[in-house]
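S.K.: This is the feature table in TrEMBL:
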COMPBIAS  1-14  compositional bias 'Polar residues'
REGION    1-28  region 'Disordered'
BINDING   R92, H93, G94, L95, S96, S97, W98, N99, R143  substrate binding site
ACT_SITE  H93  active site, tele-phosphohistidine intermediate
ACT_SITE  E167  active site, proton donor/acceptor
Amino acid sequence: MGSGSLPTRPSPSAFSRPLPIPGHARPTRLRSLTTGKLRAFSIKASHSGLSEVSVQSLPDTEVTGAAYSFTGATTSLTNKILTSSKKITLVRHGLSSWNAESRVQGSSNLSVLTETGAKQAEKCRDALANMKFDVCFSSPISRAKSTAEIIWQGKEEPLVFLDSLKEAHLFFLEGMTNADAKKQYPELYTKWREDPAHFHVNGIYPIRELWGTARQAWEQILLTPGENLLVVTHKSILRALICTALGLPPERFRAIDVNNGGMCVFTVNRQGEAMLQALNMTAHMYSDHTYQY
């Protein structure tokens, strides 16, 4: 050993994982990145190197454990005991004419479902084909109403239209292209885009009012009999529904996004407490994916 050098030792990690013995297979359990299910990989090595890798399926295994109870862990949306726990699937309507034209929509009924939006609604319907819903709730505004009718086509269970699921009212900005609204009302438009909780017209704060509307919608939905409920509505009220369920204030309005045809899932216990299970699921928009939960 030369002057000033320190003795070296093998790294502990060198002993933590035994190497394959030539001519022998050592089973290893890894999880598939595509399915989330466990697979058994047998690695067989030879003196010249890796010679064989075989894959064997194991029995279906959940990727993670699930929370079995959350009573008292969150805030009740109803302040009333429900007849049963519930699962709520929230769906944003398909692409509308004003989505495609980059116009401010708000509560206007003039923006209608496009051909692309109708196909997106069909994809939602197909993705939920294995799910049995007791009731579907929808905004009565055209683009959401049409989406709900496509998803609910052929079902005998009730389709209920709720005014509390209508989109936020954005006054004279509705129907304007975003570019024109920004040009003609720069301060107001910037407030809407960058600080929506404080956006107001003549003392009316649409997003703050939307929080109250969302709480009303939750109560109407959750107090309806049934255990598996579907809700079809618009992005702003969806944001409000999600935020109120999670206890987030209007200042968090743009912290959440939901695409056209995107789905979110909540479970709600009998105390009316909500747990978010999925946010903005869109796999069905790009494939023949179906959901079972």
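Glycine is treated like the rest: Cβ placed from N, Cα and C.
Unlike curated records, TrEMBL annotations are generated automatically.
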S.K.: Test of understanding: give the count of other CB atoms lying within 10 angstroms of the CB of W98 (substrate binding site).
M.R.: 21
S.K.: Within 10 Å of the Cβ of S96 (substrate binding site), how many other Cβ atoms can you find? Include all protein chains, please.
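M.R.: For S96 (substrate binding site), the 10 Å Cβ neighbour count is 26.
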S.K.: Can you tell me the CA-to-CA distance separating G94 (substrate binding site) and E167 (active site, proton donor/acceptor), as a whole number of Å?
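M.R.: Rounded to the nearest whole number, the Cα-Cα distance is 14 Å.
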S.K.: Same-chain residues six or more away whose CB lies under 8 A from the CB of E167 (active site, proton donor/acceptor)?
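M.R.: Looking at Cβ-Cβ distances below 8 Å from E167 (active site, proton donor/acceptor), excluding near sequence neighbours, one finds Q105, G106, S107, S139, I141, T233, H234, K235, S236, I237.
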S.K.: So if I measure Cβ to Cβ from R143 (substrate binding site) and keep only same-chain residues at least 6 apart in sequence, which ones fall under 8 Å?
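M.R.: Sequence-distant Cβ neighbours: H93, G94, S96, Q105, S111, V112, L113, G117, H234.
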S.K.: Rank the recorded positions R92, H93 by how many other Cβ atoms lie within 10 Å of each Cβ and give me the one with the fewest.
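M.R.: Taking R92, H93 as the recorded positions, the minimal 10 Å Cβ count falls on R92.
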S.K.: Starting from the Cβ centroid of R92, H93, G94, L95, S96, S97, W98, N99, R143, the recorded substrate site, name every other residue in that chain with its Cβ within 8 Å, sequence order please.
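M.R.: The answer, listed by sequence position, is A100, Q105, S111, V112, L113, T114, G117, T147, N260.
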S.K.: Let me know how many other Cβ atoms fall within 10 Å of the Cβ of G94 (substrate binding site).
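M.R.: The answer is 28 other Cβ atoms.
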S.K.: Rounded to a whole number, what is the top Cα to Cα distance in Å among the residues the record ties to substrate, namely R92, H93, G94, L95, S96, S97, W98, N99, R143?
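M.R.: About 15 Å separates the two most distant Cα atoms.
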